[in-house]
Amino acid sequence: MAQRLTVSDGVSKKTSRVRVAVRLRPYMSRQDEKDEGPCVRGLDSQNLEIINWRNATETVKYHFDVFHGEQTTQQEVFLSSVKPILPHILNGQNASVFAYGPTGAGKTHTMLGTAEQPGVIPRAVREVFNLVSAKDEDEGWDYSIGMSYLEIYNEKVLDLLSPNSQDLPIRENKDKNILIPGLTHTAISSFSDFDKHFIPATLNRTTASTKLNQRSSRSHAILLIKVVRTQRALPHRQQTGKLYLVDLAGSEDNRRTGNQGIRLKESGAINLSLFTLSKVVDALNSGTAARIPYRDSKLTRLLQDSLGGSAHSVMITNIAPEYRYYFDTFSALNFAAKSKLIVNKPFTRETVAVPVLPVKRSREEHEAVGSGAEPHKKKQKEEKKSEQDGSSPSAHYHSLSEPSVMERLIALEKLMMSCQDRNRQSVLKDVAQSRKEIQELKEKQREFERKATLLSQLAKEKSSSKDEAAFKNTLAPLQRKQPNVTKPNKQQAVVQPMQVSQLQPLQHLAVVRKQSVCVTKEKKKLSDLVEPPDGKENVESSWESQLDKSVLNESKQKILHILNTGCLKELKGLQQIGDKKAKLILGWREIQGHFTKLEDLINIEGMTQKRFSSFMKANILSALGK
């Protein structure tokens, strides 16, 4: 029996504000023709300023927990922003680190880095193993570490450790913990073991090239490191800490990235999830919002514990100095300024196994064990007899009055009394609750004893008065049937066989004739419609047979030309082609090339054979009508 407890470790009553660090990427492109240079610069280790777009002679200043300039190394970012929150994981608390910013600002470099300059993720995992190995074995705790890795691509949760998996659901248990059923969880014992699983999984992440970034992340990637520590001695307490390392995809301006087709759909999903993230931050900061929109996006659902939850959170906002990134940088800084106002409430959750005391057996059970199989058979006979007599509540009484239930409650009471870390008032409250439950069980026991006694008395009365009851039962039917015998007219009025036999043949024949007429009519109609397979094809393509073949071929070539060379507006000008199908055609064209024949249109999502036939008929007849 396990009881879920909230344990005080000195910080459960405190709050933890979301720490925000801003990292400025080095200037990577040449100055433009206007010689405008960078639009943002750092002032000191916590302050920076950006040019005011309303008035170029003014600047807007921001203050954050940490500011990392262009010359800041990966090691400095990790030591100042990430390392301080990692010890909380070993105490059964959650921590979260996520990178935010526009596309091309260096989020993936900050989180992953390179072989020469590792990022936050490899450094954080290595530090977790160092913290575990530094623990003294005399403390009496055993540690185990596991990992899970997933991505959110087009609002689908995909397992990167198992590439063949489908979209995974997101669930929430009774303790308000976010779970993903079916997500792979791999145990790791060293950093090299982590590297062996993480590097192939990273290659499974969805990336693509845009005008602003050669290898742009098209999904949000979330790495989960779970540390479980178990107490060796009784009562075997178990504490679980989780570390979320999140590399968000960047917000994109499709006018500058040149996204089309599939890239445009990916960009829409990314921007929508980041917009929902902004709404969550606004709702948390308002303090008056009736609902926090965590469920509006898969990303915010998974970050529910990191923003406004129970995790120690750090957000690393990546920005670019180039003037062409000005509005993206300005929006990212405003979002970071709002995020640092969010307050989380970290706490430790642990599972305690309550010891089960040995249950004292009753005298009947001891006799049954000592005498072998005969008492067991006798007990089965008694149970069958009680079921026949209708004394099933007594069986229910035995199941409810098991000594183990009461013994467990007593053991729980003793454990609570021995707990010195908890508040005395809460201990007294729990003891009073356990005593109340014990009293309720005793009252139920007395109630079922009374019912069992009453049922046994009824059974004895029933067996003693069996002959008398049979005599009374023989007289009772005669007394009930006498009034019916004195009224034979009702039975004659109900039957009347002569009248029914005269009418039944006529009605039966009439019904049969009507059915035969209906059947013949239906048969004629079906025979008129049903034709051989060749005739059916001729009926479906009869409109094509009425047209001149040269005109028909010319119309098909025009449609094929529009499909291969037409822009979005020209594709939407075709019959039965809306905005969604036009974008899908552009995406298919970008990947597969031109359509070699019109029948290739069936490969487009949502275009079935029936819809293709209707599409051809509508467009050819429309062209001829013009």
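Glycine too: its Cβ is placed from the backbone N, Cα and C atoms.
Quick look at what TrEMBL lists:
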DOMAIN    17-342  domain 'Kinesin motor'
BINDING   G101, P102, T103, G104, A105, G106, K107, T108  ATP binding site
REGION    363-400  region 'Disordered'
COILED    424-461  coiled coil
Position of peak Cβ density within 10 Å, selected from the binding-site residues G101, P102, G104, G106: G101
Local confidence of the domain 'Kinesin motor' (17-342) - pLDDT mean: 85
For A105 (ATP binding site), nearby residues of its own chain (Cβ under 8 Å, 6 or more apart in sequence): R25, G250, N318, I319, A320, Y325, D328, T329, A332
T108 (ATP binding site): tally of other CB atoms within 10 A of its CB: 23
Of T103, K107 (the binding-site residues), the residue whose Cβ has the fewest other Cβ atoms within 10 Å: T103
